[in-house]
Amino acid sequence: RLCQTNTAVREPAGESESENKLDGETASDSESKSEFGGSPPVPTSDDTPEVLNRALSNLSSRWKNWWVRGILTLAMITFFFIIIYLGPMVLMMIVMCVQIKCFHEIITIGYNVYHSYDLPWFRTLSWYFLLCVNYFFYGETVTDYFFTLVQREEPLRILSKYHRFISFALYLTGFCMFVLSLVKKHYRLQFYMFGWTHVTLLIVVTQSHLIIHNLFEGMIWFIVPISCVICNDIMAYMFGFFFGRTPLIKLSPKKTWEGFIGGFFATVLFGLLLSYVMSGYRCFTCPVEFNNDTNSFTVDCEPSELFQLQEYNIPVVLQSVVGWKTVRMYPFQIHSIALSTFASLIGPFGGFFASGFKRAFKIKDFANTIPGHGGIMDRFDCQYLMATFVNVYIASFIRGPNPSKLIQQFLTLRPDQQLHIFNTLKAHLVDKGMLMEN
């Protein structure tokens, strides 16, 4: 499994210095231990349910781990289908809950180091900064996607108008609180943890916000990328488990080239099939919009060209192999190849990054929330990188101007501003011959 990191290797006594360095510890790491109080005492094992321990007691540890992870994976996939069925609002809430849990797992590692000096306010400030960043991002989202609702309610309109100033003022308050919390002789440690918090916010909160933006473009942009990462995760583990022989990367000794390559081809095929099925349903392909009349989300629209079957010519070289000259498919399926390729070739580096982080602190997992899988962050290390790619991909190749949003903003202007825009647009259309001048 490409995204699941492994137990940090414990070196036996007498191992060489060079091998120690390969395991992630250098001389500078050893020196820093004296200042930071040693490795943080975080959980290093999963709490497997007793019923599974009894049922699988006769199996070897290798096959026991395989069954535990398999059963829990099926349970998580089932939960994923349930929240998709419940709709976009529930998905947004789940994304926020996952974000908070991932932030908690990473900050806890830092807190276990920081707490050894009993310095004030770190945990409080960490959660305060999380609140500030979420207020900023979710405020931007509400203003962007619920524009008419915001303009209709006076308190929301005022908050929207001064949203960025309020966000900046909240952050400055936290910044001043941090400066006031500085303790003599421990300045470097406190600034280290200040940076720890902000990097965590950048990795977790910013990218979870991009997931929500992808969701509003259409649930297919949310489901297909996440499913491709899950598929690659599972298939790479399966290929590696049964056929793996050649080590892939030292950061994750159990990863193999066989699993990496097998997961790639399986994920591309899975992406094509899933995209074909989902492209035929408007509830997946239409942008998620807020209906002001019913005060609810709607996903009804006329499907764009991306989700209409088209005929493509098969290259002459392949015609003799497949026996077809043309094939009918959705244009989105072509985009799904790019998504599944990224999920297979680049996405795993999010897992490798997390693996290197954990090896640096000599821990197996970020937490022991999910038996056989570790913490929530262990499951989403690749998903966050994938979310950023999807958002950049949509902005670069898919998204164009949104007429409905332009009209919404136009209607909020003063009458003289609306008239000026109308005359400018009319003159432009007359010059292009699209409108007859009266």
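Yeah, the Cβs are placed from backbone N, Cα and C, and that goes for glycine too.
No curator has checked TrEMBL annotations; they are predicted automatically.
Residues or ranges marked as region 'Disordered' by TrEMBL: 1-49.
If you look up TrEMBL, you'll see 18-34 marked as compositional bias 'Basic and acidic residues'.
The transmembrane segment annotation in TrEMBL covers 66-86 (among others).
Residues or ranges marked as transmembrane segment in TrEMBL: 92-114 (among others).
Beyond the transmembrane segment (121-138), the same-chain residues lying 6 or more positions past its ends with a Cβ under 8 Å from any Cβ of the stretch are 96, 99-100, 103, 107, 110-111, 114-115, 163-164, 166-167, 170-171, 174, 177-178, 181, 190, 193, 197-198, 201, 205-206, 209. If you look up TrEMBL, you'll see 121-138 (among others) marked as transmembrane segment.
Long-range Cβ contacts of the transmembrane segment (165-183) within its own chain (Cβ-Cβ under 8 Å, at least 6 residues beyond either end) map to 117, 119-122, 125, 128-129, 131-132, 135-136, 139, 159, 190, 194. Under the heading transmembrane segment, TrEMBL lists 165-183 (among others).
Annotation comment: TrEMBL describes 190-212 (among others) as transmembrane segment. Within the same chain, residues 36, 92, 95-96, 98-99, 102-103, 106-107, 110, 113-114, 119, 122, 125-126, 129-130, 133-134, 137-138, 141, 178, 181-183, 222, 383-385, 387-388, 390-391 sit at least 6 positions outside the transmembrane segment (190-212) and bring their C-beta atoms closer than 8 Å to a C-beta of that stretch.
Same-chain residues lying 6 or more positions outside the transmembrane segment (218-244) and placing a CB less than 8 Å from one of its CB atoms are 1-4, 66, 69, 73, 77, 80, 84, 88, 91, 211, 254-264, 266-267, 270-271, 274-275, 278-279, 283-288, 299, 307, 332, 336, 339-340, 343-344, 347-348, 382-383, 386-387, 389-390, 394. Positions annotated as transmembrane segment by TrEMBL: 218-244 (among others).
The annotation transmembrane segment is assigned in TrEMBL to 256-278 (among others). Counting residues 6+ beyond its ends, the transmembrane segment (256-278) has Cβ neighbours under 8 Å at 1-2, 220, 223-224, 227-228, 231-233, 235-241, 243-248, 284-285, 329-330, 332-333, 335-337, 339-341, 343-345, 348 in the same chain.
Among the features that TrEMBL reports, transmembrane segment is placed at 332-354 (among others).
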